[in-house]
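Asks: Pasting a structure here, questions to come.
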Amino acid sequence: MEDKDFKKKLAGEKAAEFVKDGMVVGLGSGSTMYWTIKKIGEQVSEGIAIQGIPSSVQTANWAKEFGIPLTDFSKVKQVDLAIDGADEIDQNFDLIKGGGGSLVREKIIDSAAGQLIIAADDSKLVKALGAFPLPVEVVPFGYEIIKEKIARLGSEPVLRSQNGKAFVTDNGNYILDCLFSEITDPKKLHNLLKSMVGVVETGLFINMTDMVIIGKSTGTEILHKSRQNKN
Ligand SMILES: O=C[C@H](O)[C@H](O)[C@H](O)COP(=O)(O)O
């Protein structure tokens, strides 16, 4: 296993330790979450009773494979704990997410959660967001217009593609990957993008994260928001 994958595994498995009996758990998406979901599956087989809400088709498939009972928002209105990955984490615990294209469902689940834990390898920690191109989910109709509007904000949006075709999200939409290099005011940028007709959601997750679990070659480090803010 590569060093980065090992770190993801460490962080992902550690996050599963915060899942307790009786919880409704939001299940994030991505390769780090694979390890969390697998570990939660082991806990379920040992007897804890939880219900998971998956943030992508891929996550739902892994959850089924590992025996985690699933639910949805027609049955539950509240999520006790959400665990998710991230593409970038800044010093305020603001995030860029959506590298795998699951940002909309992730944001719905993460914002409904009483607590949000982010698990990631140490390469995801950044001083300022923006080196990772910001994923913006847009409706396919007229996406060309949104692309031009975003370009006027100082980015060169790229329509995400897969196997030579436009990548389509679980919600039937497109993703524009927008490189801004450095995002000085994440909230302002998010609001500007969200005000454009046809933008469904941005990958900026602002003021949502309670705890970050970082996987390093030496083990895991847990960062708490309050402590982080004092530094
Ligand atoms: O859409 C994908 C999600 O936001 C992922 O949580 C994020 O891209 C991190 O993925 P990974 O754990 O594979 O680095």
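Keep in mind that glycine also has a Cβ here, set from the backbone N, Cα and C atoms.
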Asks: From K4, K7, K124, K127, grab the residue that TrEMBL records in the same substrate site as S29, G30, S31, T32, D84, G85, A86, D87, K97, G98, G99, G100.
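Replies: Record source TrEMBL; matching candidate: K124.
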Asks: Between G99 (substrate binding site) and E106 (active site, proton acceptor), how far is it from one CA atom to the other, in Å?
Replies: 12
Asks: Taking only the binding-site residues S29, S31, K97, G99, K124, which have a CB closer than 6 angstroms to any atom that belongs to ligand 1?
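Replies: With ligand 1 as the reference and 6 Å as the Cβ limit, the list reads S29, S31, K97, G99.
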Asks: I'd like the Cβ neighbour count for D84 (substrate binding site), meaning other Cβ atoms within 10 Å of its Cβ, all protein chains included.
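Replies: Here the count is 31.
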Asks: Would you pick out, from the binding-site residues K97, K124, the residue whose Cβ has the largest number of other Cβ atoms within 10 Å?
Replies: K97
Asks: Compare all C-alpha positions of S29, G30, S31, T32, D84, G85, A86, D87, K97, G98, G99, G100, K124, the record's substrate binders, and send over the largest distance in angstrom.
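Replies: Spelled out: the longest distance between any two Cα atoms in S29, G30, S31, T32, D84, G85, A86, D87, K97, G98, G99, G100, K124 is 15 Å.
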Asks: Would you mind listing, in sequence order, the residues at least six apart from S31 (substrate binding site) in the same chain with a Cβ closer than 8 Å to its Cβ?
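Replies: The list for S31 (substrate binding site) reads D5, K8, G85, given in order along the sequence.
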